[in-house]
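Asks: Dropping a structure here in structure tokens format, bear with me for questions.
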Amino acid sequence: MAAFSTFLLFLLLLGTLTSLAVSSDQENKKTFIVKVHHQTKPSIFPTHRHWYQSSLASISNTASVIHTYDTVFHGFSAKLSPSEAQKLQALSHVITLVPEQVRQLHTTRSPQFLGLTTDDRTGLLHETDFGSDLVIGVIDTGIWPERQSFNGRDMGPVPAKWKGQCIAGKNFPATSCNRKLIGARYFSGGYEATNGKMNETTEFRSARDSDGHGTHTASIAAGRYVSPASTLGYAKGVAAGMAPKARLAVYKVCWNGGGCYDSDILAAFDAAVADGVDVVSLSVGGVVVPYHLDVIAIGAFAAASAGVFVSSSAGNGGPGGLTVTNVAPWVTTVGAGTIDRDFPANVKLGNGKIVPGISIYGGPGLTPGRMYPIVYAGIGQFGGGGGGGGDGYSSSLCLEGSLDPKTVKGKIVVCDRGINSRAAKGEEVKKNGGVGMILANGVFDGEGLVADCHVLPATAVGATAGDEIRSYIGNSRSPATATIVFKGTRLGVRPAPVVASFSARGPNPVSPEILKPDVIAPGLNILAAWPDHVGPSGVPSDGRRTEFNILSGTSMACPHVSGLAALLKAAHPDWSPAAIRSALMTTAYTVDNKGDPMLDESTGNVSSVFDYGAGHVHPIKAMNPGLVYDISPSDYVNFLCNSNYTTNSIHVITRKSADCSGAKRAGHSGNLNYPSLSAVFQQYGKKRMSTHFIRTVTNVGDPNSVYKVTIKPPGGMVVTVKPDTLTFRKMGQKLNFLVRVQTRAVKLSPGGSSVKSGSIVWSDGKHTVTSPLVVTMQQPLD
């Protein structure tokens, strides 16, 4: 069964059956999620689960229910053969089949860098009592509850609204929860339906974290103040999450080696919303698909409709375009930026040159003043092969089994980045007797660097530096030598923030008229809590133990925004998830701490709206944005109608029969009341093109205020805003305005595109409300 793929079947009532080509092979079993209408349950069944099992019994002797869903989705999941699925689909309440995805993880100075400090008695932390009545649900790999970041000392009673539970399991008694960690659940049915019973020698059948990712993200969102905190002596100081007194509820859905299965993720959403979370933080993602085929989009829609803010990571597929994931407009999509701290570890070459690098290696260093032989397989130094069974290509990547101890022993080895994990390369070098490693970026990686807790003296260098080192090794007339000099922690780095090289980029591959990512937040080299039984490098042989670890990824950026959303929700209980996102977006900034436009780490050039969306979050300003762009569930339905989703597909997402008759009044999908504006023009021989956007802003600033518009049009375009002045008389008042964009065709090759950006800024002299405006010109292949 381990080779069988998993699919997700959503069965909906009141629609036309979608045809499905199925094989008659009864052994090719797949997981399906079955959607039914709760009101059709016959009274003879005491529970929906009994009814669901009876439905399965009518078409199969072996199928059984994996999960039932009651809150964000109505139905169940089961593993079926294609012929069984076909029989079930033939029942009157079947509408569609949706392939399941297996998601992957998007793998502490950041509060201070964001302006959240404990000694500020008038700021966001003080105003919201650190978010003490808010609950953040983290859907991830679980938690290590004993960490001090999650202690419940001096916290008030659990909020009365809370309906969740602390589910006991392996090495996780119910007493693991406290007034900080108020809920814990785990969902493995989808994972085990595909992979068989979990290996409980390497994994906990409970909410306990055996990976580290979930512990790390949870403490970024809501970790308590812990001092002193550091990783192997690096980044010493006070560790704290964004909302230090917010409550945490964890939902474990990701399992060692197997990823995170959609049927388990949907069960976690179902439980989290029913439990009463205020925020869902989800640092996982997969292949981008239309929203009605995307379980995260489906679960998030129901959550947002219930007033729950959903924050999700943009993905680590950067720096290439069209790589952003989790792009539904009701999800806040978070990319990653740097903070003003790094960990220099420079390479000194035998020719006297110093090449900059970065590392958080904390063990015995190289002998000071001594130069070591340096080797690289990619230029034939290993005799055309790895000597350990690998070829030159494998050896250049330092893949497992590719290095020859005779060639490596006592030397520093240059390893190209790619294929296996960065820390695993160092483990391979160490295993074969190497004394150090230089991890070199390739062309695609650019200059973006990530610090790792390597198992031997090692540093990471950018693509340009990597080329310089390889060239030195290949061209040196005498034996090439080098050493690595570790400089510790450096603060006050300029420029910062910079868009992290790995951070996934737009444009939005599903809805190009919705700019994604929405914002960026700190995601590079972030210090946060770490489990007790996992080494900081993550490789199995690493026996070191540390209470905190430094990781990078949009996985780390997402919980920053989750925690900030909890603070904003605490300060403004009446704000919707869309209003909270609007506040974060319209107050975001796009300049660094030198006052220059934010740069792209991968190239060193100025970054763009497709890299950072509205910009880098500025929580203090988000507390008082002046105006917000609010969105209701019915607005999202109109957006889906105008995006040409069928009524059946919309039903899958919204759990309701869709009425698209009013959607025409909204105009087009770009008229969703989003805080950013994105237009796409297909040229088709036209010389002049234009479009318009209708937006509505709600006054959340001063009762009597007058906002005037400043237009920064994209280059060569004409942008008008009517009216150009908005006069508010009371709080909560809504006013509309219209933005018209006019442009001329530009010369493009077939299939080519041109992107230009500008902004629409409303200001009353006190508040500045900024919306990015991006215009894409496309030349069809015809």
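Each residue, glycine too, has its Cβ placed from N, Cα and C.
Straight from TrEMBL, here's the annotation block:
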ACT_SITE  ASP140  active site, charge relay system
ACT_SITE  HIS213  active site, charge relay system
ACT_SITE  SER555  active site, charge relay system
DOMAIN    31-106  domain 'Inhibitor I9'
DOMAIN    131-605  domain 'Peptidase S8/S53'
DOMAIN    397-469  domain 'PA'
DOMAIN    671-775  domain 'Subtilisin-like protease fibronectin type-III'
SIGNAL    1-23  signal peptide
Asks: Quick one: DSSP breakdown of the domain 'Inhibitor I9' (31-106) into helix, strand and coil?
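Replies: Each residue of the domain 'Inhibitor I9' (31-106) counted once, the result is 21 helix, 21 strand, 34 coil.
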Asks: If you average the pLDDT over the domain 'Inhibitor I9' (31-106), what number do you get?
Replies: 81
Asks: I'm trying to understand the geometry here, so how far is the Cα atom of ASP140 (active site, charge relay system) from the Cα atom of HIS213 (active site, charge relay system), in Å to the nearest whole number?
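Replies: Between the alpha carbons of ASP140 (active site, charge relay system) and HIS213 (active site, charge relay system) there are 7 Å.
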Asks: Per DSSP, what is the helix/strand/coil residue tally across the domain 'Subtilisin-like protease fibronectin type-III' (671-775)?
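Replies: Residue counts for the domain 'Subtilisin-like protease fibronectin type-III' (671-775) by secondary structure: 1 helix, 65 strand, 39 coil.
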Asks: Output the one of ASP140, HIS213 that, of all these active-site residues, has the highest number of other Cβ atoms within 10 Å of its Cβ.
Replies: ASP140
Asks: How many helix, strand and coil residues does the domain 'PA' (397-469) contain under DSSP?
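Replies: Taking each residue of the domain 'PA' (397-469) in turn, the totals are 22 helix, 16 strand, 35 coil.
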Asks: Using C-alpha atoms only, work out the spacing between SER555 (active site, charge relay system) and HIS213 (active site, charge relay system) and round it to an integer in Å.
Replies: 8
